[in-house]
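Undergrad: This is the structure, below, for whatever I ask next.
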Amino acid sequence: MKKGTVLNSDISSMISRLGHTDTLVVCDAGLPIPKSTTRIDMALTQGVPSFMQVLGVVTNEMQVEAAIIAEEIKQHNPQLHETLLTHLEQLQKHQGNTIEIRYTTHEQFKQQTAESQAVIRSGECSPYANIILCAGVTF
């Protein structure tokens, strides 16, 4: 049995195949996922698992260099936005690097998901609970 934190074989495999600057999306239950992008559906029911639960597990395994977030989260989901920023700050300290945070419109965000290696769908049902993670290197 795998000893690492990620037990889901699809997520573990996807993270292990990421190269520098490749992207991976963690999203809420409502984000449209392009047919051309690999979909890893973790949603069981509304809120399970939460966006932050999925993000926490993914970022424990993935080296993150940058993050892209929809600008609209600031107004429409400020509590999650603050939680997300705190998580990224803690991740920076743990990884020993600076994580660049970029904001874009939700429409542009949806277009960028088509370029990602995969989209991991959580059961989150709050607005704009989505992030594009850009892979870094550990050396």
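Placed from the backbone N, Cα and C atoms, the Cβ positions cover glycine too.
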Undergrad: Among D22, D28, which residue does Swiss-Prot annotate as binding substrate together with H106, Y128, A129, N130?
TA: D28
Undergrad: Determine which residues of the same chain, besides D28, H106, Y128, A129, N130, have their CB within 8 A of the center of the CB atoms at the recorded substrate site, and list them by sequence.
TA: C27, G30, L31, F51, A70, E72, I73, N77, F109, E124, S126, P127
Undergrad: Looking only at D28, H106, Y128, A129, N130, the residues listed as binding substrate, what is the longest Cα to Cα distance in Å?
TA: 13
